[in-house]
Amino acid sequence: MAAQIDGVFETGLQKKIAESKVLVIGAGGIGCEILKNLVLSGFQDIEIIDLDTIDVSNLNRQFLFHKEHVGKSKANVARESALTFNPNAKITAYHDSITTNNYGVNFFQQFSLVLNALDNRAARNHVNRLCLNAGIPLIESGTAGYNGQVELIKRGLTQCYECFPKPAQKSYPGCTIRNTPSEPIHCIVWAKHLFNQLFGESNEDEDVSPDTADPEAGAEAGNAALEADANDKGNVDRVNTRTWAKQCEYDPEKIFNKLFFDDINYLLSMSNLWKNRTPPKPSKWDTLQAGEDGEDVIMEDSVVRDQKVLSLGESAKVFAQSIKALKEAFAKLPEDDHLVWDKDDKFGMDFVAACANIRAQIFGIPQKSRFEIKSMAGNIIPAIATTNAITAGIVVMRAFQVLQEEYDKCNTVYVRLRVNGRNQFIVPESEIIPPNPKCYVCADKPQVVLKVDTQNLTVREFRDEILIKALNMISPDVTLDGTGTIVISSEEGETDCNNDKKLAEMKIVDGCILKADDFLQNYELSITVLHKEPGREEAPFEIVADPDTLKPKEEEEAAASSSASAAFDDAQPSTSKGLNGSSANGSKATVNEIEDDTDDLYIVEDDEEDGKPSGSKTVEKRKHTSDRDVEPTSKKAKISSQPPEDEDDDDDLTIIE
């Protein structure tokens with residue numbers, strides 16, 4: 001290995017490489033290349049974390065994996081493959097998520113530096129905060145097609161991952177998704193919503209039934225729906241999709257007929273919708289005719305399964321098989337638990353692909369292969385192996401400079417498809433970008449202003465929608481400044497009695513200051529509450545750290561922040577300035593479609609997969625103090641990688657990640 005050969009590195013660097021301990025987060029396209037580079041460079045002590053398993057679609061660019069590894073842990077296989085380069089290296093692999101409570105500040109403090117190879121913001125935000133508080137240099141990296149980026153994050157020296165905001169996300173009106181789809185992505189979003197309605201975390205804004213409130217349908221549609229659904233007493237008995245599915249025991253035929261025959265006929269009754277559109281054609285289960293090769297799609301040949309565009313009959317067979325498997329998996333969960341859709345889960349992906357294609361055929365929309373749907377479902381731009389290799393090489397070169405404490409040389413570096421005016425396709429920033437003094441993560445005293453309707457927002461909504469989703473906390477505690485009242489506690493059940501109370505009932509009114517504290521992230525935030533009654537078209541809350549710096553910028557402006565940015569093509573890596581930062585606004589009525597994938601297909605917005613040490617110890621839980629020698633545990637809480645950001649989110653808009 002290079003560090004063991006005298007003369008390859010200068011003596012001081014050679015020694016530091018041999019003595020350092022490095023954490024690699026993510027074992028996908030970039031992560032595999034980084035791990036290989038570290039081992040070949042002579043690093044002896046490496047830990048790698050990834051929750052994902054190997055899919056056949058990973059094999060064309062993740063070269064530590066082969067066909068026989070499909071279905072196995074990425075972290076474990078990457079370790080085994082890397083050891084063939086240097087059997088004397090100490091490599092520890094964890095098949096787990098980096099956002100679990102096993103990885104607090106103390107865990108991070110054992111490393112010389114951390115190398116991020118993630119592809120989603122929730123995990124990046126979390127690692128960013130832990131490295132900042134642990135005082136450990138973090139080297140961020142990301143790719144998007146032919147574009148790549150590498151940047152150093154070090155407290156007090158550089159901007160952090162959340163110093164600047166993300167641009168607005170693409171959105172689709174809810175009535176388009178439910179009533180009048182016209183593109184494959186509309187059908188895919190609908191199918192993912194259906195998965196959540198049947199098996200996942202149900203959200204009323206993800207309803208898949210026809211939308212009678214669609215302004216195009218006319219007022220009579222809503223009245224007709226009420227009359228049709230009214231019982232003999234004139235009342236409407238509402239049964240949600242999951243309850244109905246359970247009542248019919250998840251019978252594939254009944255679910256199919258309801259979704260693709262009854263609901264479609266109902267849409268056809270809204271005649272106004274079809275004056276200038278081609279009406280959909282309902283499909284009934286017993287009329288389906290599968291092709292002769294209908295059984296082939298059920299085979300375990302991943303290549304055939306992923307590349308073939310299925311007929312309606314074949315899609316129906318996959319639909320039935322996936323419902324059966326998901327029903328069984330769902331039945332094994334505790335009563336209040338649910339499945340989480342993952343594009344790398346065979347049956348979850350099969351279900352979405354089948355439903356999307358059935359709906360597409362009904363509406364006369366071009367159908368897609370399972371592989372294409374998988375890419376669209378996660379809003380993925382396929383990574384290019386050479387871009388990953390170049391980016392990973394830059395990461396390890398930056399690691400050399402960090403070990404030598406040559407921070408002044410660690411400017412952010414961009415990889416571009418086309419050369420710039422100076423004939424460069426690897427383009428460094430002209431200078432290190434300093435921290436945003438008003439960043440609500442890395443500033444000396446992080447603080448934000450929250451504009452919200454204190455008369456109507458509940459404590460539960462404040463916790464889930466604002467603290468966890470919008471501000472990226474995991475296990476927050478909140479007290480009312482001045483009185484010491486505990487509003488939210490991360491201790492299980494301690495403040496459940498507050499969940500349904502309005503903020504005003506807790507004496508949280510205009511001008512109040514809340515102290516939010518996430519001890520797992522060792523992160524404290526001061527929140528000044530301003531009462532605001534949002535208009536009909538306004539988001540229910542707004543978070544403002546600094547009106548100037550937190551106003552989302554257009555991607556072109558973000559790219560232009562570097563004098564060497566040049567032509568940036570269509571997509572940017574998730575570490576790009578224009579994609580970093582935290583939300584400025586949030587909306588209950590806006591739905592995030594965020595899925596993660598650590599195989600380093602770049603997710604335009606993006607859930608993570610990484611690890612935990614098998615020998616980690618659980619320490620009795622406590623509130624964090626300035627003493628960081630004890631690492632607490634915390635209950636798990638769902639996080640969303642990004643909240644909605646459009647300032648005038650419409651109640652029917654669905655955010656697509």
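Each residue, glycine too, has its Cβ placed from N, Cα and C.
As annotated by TrEMBL, domain 'THIF-type NAD/FAD binding fold' applies to 6-440. What TrEMBL records for 26-31, ASP50, 58-61, LYS74, 97-98, 119-124 is ATP binding site. According to TrEMBL, the feature Zn(2+) binding site maps to CYS160, CYS163, CYS439, CYS442. Residues or ranges marked as active site, glycyl thioester intermediate by TrEMBL: CYS175. Taken from TrEMBL, the feature domain 'Ubiquitin-activating enzyme SCCH' covers 335-374. What TrEMBL lists as domain 'Ubiquitin/SUMO-activating enzyme ubiquitin-like' is 450-533. The region 'Disordered' feature in TrEMBL is assigned to 538-657. Taken from TrEMBL, the feature compositional bias 'Polar residues' covers 572-590. Residues or ranges marked as compositional bias 'Acidic residues' in TrEMBL: 593-610, 644-657.
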Per-state residue totals over the domain 'Ubiquitin/SUMO-activating enzyme ubiquitin-like' (450-533) - DSSP helix, strand, coil: 19 helix, 29 strand, 36 coil
Binding-site residues: ASN60, SER97 - member with fewest neighbouring CB atoms within 10 Å: ASN60
8 Å Cβ shell about CYS160, CYS163, CYS439, CYS442 centroid, Zn(2+) site members excluded: LEU132, GLN159, TYR161, GLU162, PRO435, ASN436, VAL441, ALA443
Residues in the domain 'Ubiquitin-activating enzyme SCCH' (335-374) grouped by DSSP into helix, strand and remaining coil: 22 helix, 0 strand, 18 coil
From recorded positions GLY29, ASP50, ASN60, ALA123, CYS175, the one whose Cα lies nearest CYS163 (Zn(2+) binding site): ALA123
Among ALA123, CYS160, CYS175, the most crowded of the recorded positions [Cβ within 10 Å]: ALA123
Averaged pLDDT score, the domain 'Ubiquitin/SUMO-activating enzyme ubiquitin-like' (450-533): 92
Per-residue Cβ crowding (10 Å cut-off), top of binding-site residues GLY26, GLY29: GLY26
Number of Cβ atoms other than its own within 10 Å, given for ASN120 (ATP binding site): 25
By Cα-Cα distance, the member of recorded positions CYS160, CYS175, CYS439, CYS442 nearest ASP50 (ATP binding site): CYS160
